[in-house]
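Here's the structure we're looking at; comments come further down.
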Amino acid sequence: MIDEFLIEKSLPSHCGSYYPILKETRLDACYEHFRAAAICEKVPSDAVTAEATEALVLPPLGNSTFNISAVTCPKGHVTHEFLACDVKSDCWSRDDDMPCATPLMPQSPLPPGYTCHNLIGQVPYTLVCDHRADCSDNSDEDFCGFLPCGSGTYPCGDSQCITRDKVCNGHDDCFSSSRADEMGCFGRRLVYYWLPDEVSFPAVMNVNKTSGKFFFWNMPEGTDGVKVCPETHVRCPNNGNCLPVYLRCNGVFDCVHHEDEAACDNITCLGLYRCRGSTVCLHPHSVCDDVPQCPLHDDEMLCDMSCPPNCVCRGLAFYCAGRFPVDEYEGLRYLDASGSGLIPSDVKGTHLLVFLRLAQCGLTSLEGLALPNLLYLDVSYNNLSSLSAARFQGVPQVRRVVLSGNVFLRLLDSGQRRHYRLAELDLSDIHVPRLNATVLTAFPGLQQLNLSGSRIQQVLDDGFQRLTELRVVDLRGCPVSHIPSVMFQGLRSLQTVYADSFRLCCPALLPADFNVHKCFAPFNEISTCDDLLGSEAYSAVTFVIALVAVIGNGSSFVFRMFVSKSKSKLGFGVFVTHLSLSDFLMGVYLVVLGVADRVYKGRYLWNDMWWRNSSVCKVAGFLSLLSSEVSTLIMCLITLDRFLVLRFPFSRKHFGLTSAHVASCVAWLAGVTLATVPLLPVTSHWRFYGHTSICLPLPVTRKDFSGREYSFGIVIVLNFVLFLFVCCGQLVIYWSVQANAMTAAATSTTRKTQDLTIARRLLAVAMSDFLCWFPIGLLGLLASRGVPVPGEVNVAVAVFVLPLNSALNPFLYTVNVLLERGRLAREERLRKLILSQLNAKS
């Protein structure tokens with residue numbers, strides 16, 4: 001390839017016909033008079049002369065194919081598969097860490113690009129540690145270590161070694177700015193070109209692949225007798241010479257009027273290989289022809305490499321599902337060998353490896369791991385048993401290590417050994433109940449720590465206080481019960497925290513200048529860092545409803561059991577007595593919540609897990625569910641009893657004292673069974689009653705939890721069915737009584753009044769049931785269908801709606817009856833008074 005001047009003139013025999021020389025070298029005196037005749041002299045400016053009136057049109061591609069793993073880009077040009085998402089190759093685009101959408105994706109994705117440290121751009125792993133910086137901050141090269149140059153190689157001075165045959169070959173094979181391989185090579189680059197007598201101009205110009213010399217031959221004739229250029233060439237306008245395609249838009253004028261450098265901004269290279277970061281196009285015959293035509297020499301990359309069996313290769317990035325001789329691929333940069341059975345010692349010969357994934361390979365140790373340039377190591381889901389800084393002495397540059405899924409992994413004290421490069425450590429799903437974070441001080445440069453799913457229950461000593469560079473910590477999936485008060489104190493670099501508990505986002509636990517909006521944990525709609533019940537309004541309402549439920553139902557129970565002088569032989573009184581007792585338990589539940597709120601007031605952060613795991617919380621939740629279910633079942637029995645009495649007044653199919661007690665005991669047995677199921681050993685992992693601070697998980701939001709299906713089946717489905725039974729039964733009773741009162745002529749006025757009073761009372765019961773269970777059932781159904789339901793609904797249902805019936809039932813079944821009896825007694829006294837006065841007058 002002629003770099004500077006090409007003189008077209010009949011020179012003396014000792015000079016030759018064509019004579020290229022370096023730009024900086026002065027022409028020999030015998031050639032000075034030929035300078036004016038240089039037809040392809042390179043001008044300093046980028047301006048094209050006025051004579052370049054038209055641009056060269058690249059020839060259509062014939063049946064030639066590329067002998068590389070190539071892909072056709074949307075704009076029509078061809079590039080290496082591993083460059084499909086490279087910005088400089090102008091192919092597809094890549095979004096952050098996600099693979100770009102290429103036709104290669106369905107079979108196997110391209111590996112994620114190497115992200116520059118300044119986060120500006122990504123580089124294909126194949127181009128990392130290739131002695132040429134592709135990142136603007138040089139981060140793809142500044143960490144690389146190379147083996148010393150061996151015999152038969154030439155040292156370029158920057159750790160790059162090239163073979164001796166590439167020295168003074170006319171190409172800059174040393175990529176440093178010194179271009180050491182071509183310095184002082186004027187004598188060897190000065191080449192004479194003899195123009196054979198049988199060649200006439202215009203002619204076809206080409207380069208000898210062995211000597212690098214330009215040579216010419218006559219243009220071939222087409223079928224119509226007109227001389228045409230080969231498909232590998234492009235012809236200069238106005239019957240000019242045929243130039244190789246790669247001389248089009250290469251920055252050097254090769255046509256007489258510079259047409260080969262015109263309109264380069266719009267060049268497309270349809271069907272041709274487009275050089276990376278360049279407008280130079282190559283015919284398939286010029287790719288992998290041992291002569292680098294691209295400025296970055298990417299046309300000669302990976303020409304002799306074959307992909308091993310069981311692997312998919314994207315340049316020097318391999319996806320392998322089985323074992324293969326890794327040491328035969330010394331230049332490998334990226335290897336994902338998940339499930340292949342490879343072990344660390346199998347890859348020790350690939351000193352340029354930057355990314356290594358040996359997930360699910362059955363590894364029990366990292367012995368033999370020695371990769372000086374490794375930055376990313378993924379050995380997840382193996383059988384590794386220990387972690388310490390000593391395990392990573394063979395990978396001094398490693399910055400990210402993934403150890404997730406090694407369930408037997410234990411963190412060991414590294415003593416005085418330190419690994420200063422490690423910045424990201426993934427310990428997710430390793431199952432460490434007790435975390436001693438001080439062992440992680442062996443990695444003083446640690447910035448990101450992922451402990452999600454590791455089931456940490458206790459953080460020992462001073463937490464993460466000694467990891468002064470820590471910026472991100474992920475504790476999701478860790479039911480931490482014991483939290484040191486200084487867990488995050490002193491971490492001035494801390495930026496983001498992920499957790500499952502709102503407690504880890506409490507300001508008292510975080511550094512003083514931490515932005516609490518960067519702490520991501522599920523919002524607790526019930527509790528706050530200070531209080532069990534998140535507001536004074538909740539506390540006040542809980543106190544009022546608890547007081548009404550306890551006093552009302554307690555009084556009703558005492559009255560019916562010990563005060564009432566009239567012992568009814570009917571089942572209604574028995575049912576109401578049992579209902580008072582079950583509703584009294586709901587009041588006890590609310591009293592327990594209110595007392596716990598006062599006990600932990602101002603310091604709930606430090607007692608949340610203790611409270612939710614305590615026996616008191618389990619008992620409170622048990623009483624709440626028991627009360628709810630027994631009350632609902634007894635209300636069904638009351639509805640059935642009233643229906644039989646009012647619909648069949650002369651039938652014997654009524655509840656008596658014994659049968660009413662038996663039916664009530666069955667209801668209690670069913671309630672105890674339903675409330676006990678979450679406490680059984682087979683369901684203990686649900687932590688059913690300890691899931692929330694109110695000790696009863698209600699499925700009225702989209703938030704998932706263990707045992708949600710059971711809670712939905714009982715609280716929503718079963719109770720909603722029982723609610724429909726009660727409502728429908730009460731409405732039937734009301735209509736039946738009203739119809740009988742209007743049509744039965746023989747019925748006394750007093751009896752009609754009593755029947756209508758009973759019907760209205762039952763209708764009030766149905767309305768209270770509707771106000772209680774219909775919202776709960778509706779919210780549960782909406783949540784199960786994925787409809788967004790605010791989290792605050794949970795506490796509203798637990799504090800306001802669920803206890804509503806328990807607070808109202810004493811007034812509906814006992815106080816209301818007492819008031820009615822009082823009214824009837826007053827009427828009876830008034831009647832007697834009137835009769836006595838009439839008798840006296842008579």
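Backbone N, Cα and C atoms are what each Cβ position is placed from, and that goes for glycine too.
Not measured: the values here are computed from a predicted model.
Here C174 is paired by TrEMBL through a disulfide bond, and of C144, C149, C156, C161 its partner is C156.
For C149, the disulfide partner named by TrEMBL among C135, C161 is C161. Distances between the Cα of C149 (disulfide bond) and those of the disulfide-bonded residues C156, C174, C249 are shortest for C156. Using Cα positions, the member of the disulfide-bonded residues C156, C161, C174 nearest to C249 (disulfide bond) is identified as C174.
Neighbour counts of Cβ atoms within 10 Å were taken for the disulfide-bonded residues C174, C249, C264; the minimum is at C264. Proximity of distant same-chain residues to the transmembrane segment (619-640), defined by a Cβ-Cβ separation under 8 Å and at least 6 residues beyond the stretch ends, is recorded for 571-572, 575-576, 578-579, 582-586, 588-589, 592-593, 655, 660, 663-664, 667-668, 670-672, 674-676, 679, 688-690, 695-696, 714-715, 718-719, 722-723, 725-726, 729-730, 733, 762, 765, 769, 773, 802, 805-806, 809, 813.
For the disulfide-bonded residues C149, C156, C161, the ranking by surrounding Cβ atoms (within 10 Å, all protein chains) places C156 first. The separation of C174 (disulfide bond) from C264 (disulfide bond), Cα to Cα, is 28 Å.
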